[in-house]
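First up is the structure itself, then whatever we jot down about it.
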Amino acid sequence: MVDEIILTQPDDWHVHLRDGAQLATTVPSSARSFGRAIVMPNLNPPVTTTPSALAYRTRILQHVPPSRVFEPLMTLYLTETTTGHEIERAAAGAISGVKLYPATATTHSEAGVSDWRCCDEALACMQEQGLPLLIHGEAITPGIDIFDREAVFLERELEPLLQRYPRLKIVLEHITTAAAVEFVRQAPPRLAATITAHHLLLNRNDLLLGGLRPHYYCLPVLKRERDREALLEAASSGSPKFFLGTDSAPHARSAKENASGCAGIFTAPAALELYTEAFEQAGCLSRLEGFASHFGADFYGLPRNPNTIRLRRESWSLPATYPYGQDVVIPLRATSALRWRLIC
Ligand SMILES: NC(=O)N[C@@H](CC(=O)O)C(=O)O
Ligand SMILES: [Zn+2]
Ligand SMILES: [Zn+2]
């Protein structure tokens, strides 16, 4: 049995760090495991311009512990009024990607896009500039069952989008279904996908059976066991099209334990340990490094990190809560045993 793993320093290709006092918890939690992170722009109001993204980056950097190296890679929030000029400014200003939120699909997506066909100028310019489009892939057409929203998006939105912009690089974020795995596999290499630790470890029974568990509620919502198995198979297959994106998305306890609870799971404090557990379950620990540390950097055209980290087989647990502004946030797996531990 393997008891210690050494990996190239991993990166997180999809994370929500929030803002203000919340950065004091989120930034050290991510910097603990990851060298770089693609930072989501769904603040309120959203990050729609390069100057606002760079100002946000400065606020994030103020919370990186002195002992850590952590590079936030910034993104812009696409709206129906994003101009080609704004995209050129982003490409020149070291912005790493532009995020498409179908309007109302998820947390803070109200300013998002009701139809990507309204964003032709921005999307065409991104294609020219080589700036990747990052997508929350759920259809928002009224009447579609919440469990079908991802699969419907692939056919009705993503397929035509890939055809209309034949050179645009796209990351389908936080995929949750066997259908998305299949779609990404068959698409050209300019389409890749991130996969969260929670979608590798949990299915909708964990959310709904024997009591409603709001801390397991996220979007896209957890799916069937056969979807979880397909995701685990894709993540541990060695295909460079699938890489790590935690989608760590904290919400205050009062907003989660609520009659209308917010979507999002705070996984950052033990993210790498949770992925390691999933890969061990799949019998593929040797494939963790490609998924966690190589394929994302390769896709974004960035160098792989030069340093390494170590994980040891060890039972330990997270605290019940972390401070979160005036409230607290509960991490996934709070107080219950974890099997692996990052030791440097
Ligand atoms: N994943 C989630 O359930 N929530 C995210 C938004 C998102 O990534 O869709 C959030 O910002 O809270
Ligand atoms: Zn999303
Ligand atoms: Zn997210």
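From the backbone N, Cα and C atoms, a Cβ is placed for every residue, glycine too.
On a predicted model such as this, the values are computed, not experimentally measured, just so you know.
Residues His16, Leu17, Arg18, Asn42, His136, Leu219, His251 are recorded by TrEMBL as substrate binders, and the candidate that the same record lists for that site, out of Ala55, Ala124, Ala230, Ala263, is Ala263. When Asp227, Asp247, Asp298 are compared with the Zn(2+) 1 site residues His14, His16, Lys99 in TrEMBL, the one appearing in that site is Asp247. Per TrEMBL, the Zn(2+) 2 site holds Lys99, His136; the candidate it also names there, chosen from His174, His198, His199, His215, is His174. Annotation: Lys99 are the recorded positions among His14, Lys99, His174, Asp247 whose CA atoms are within 10 angstroms of the CA of Asn42 (substrate binding site). Asp247 are the recorded positions among His14, Leu17, Arg18, Lys99, Asp247 whose C-beta comes within less than 6 Å of an atom of ligand 1, given in sequence order.
Annotation for Leu17 (substrate binding site): same-chain Cβ neighbours under 8 Å, separated by at least 6 residues, are Leu23, Thr26, Val27, Ser30, Ala37, Val39, Met40, Ile60, Pro72. Secondary structure at His174 (Zn(2+) 2 binding site), as computed by DSSP, is coil.
Rounded to a whole value, the Cα-Cα separation of Ala263 (substrate binding site) and His16 (Zn(2+) 1 binding site) is 12 Å. Long-range Cβ proximity for His251 (substrate binding site), meaning a same-chain Cβ under 8 A and a gap of 6 or more residues, is found for Thr107, Cys262, Gly264, Phe266, Val329. Here the CA atom of His174 (Zn(2+) 2 binding site) lies 8 Å from the CA atom of His14 (Zn(2+) 1 binding site).
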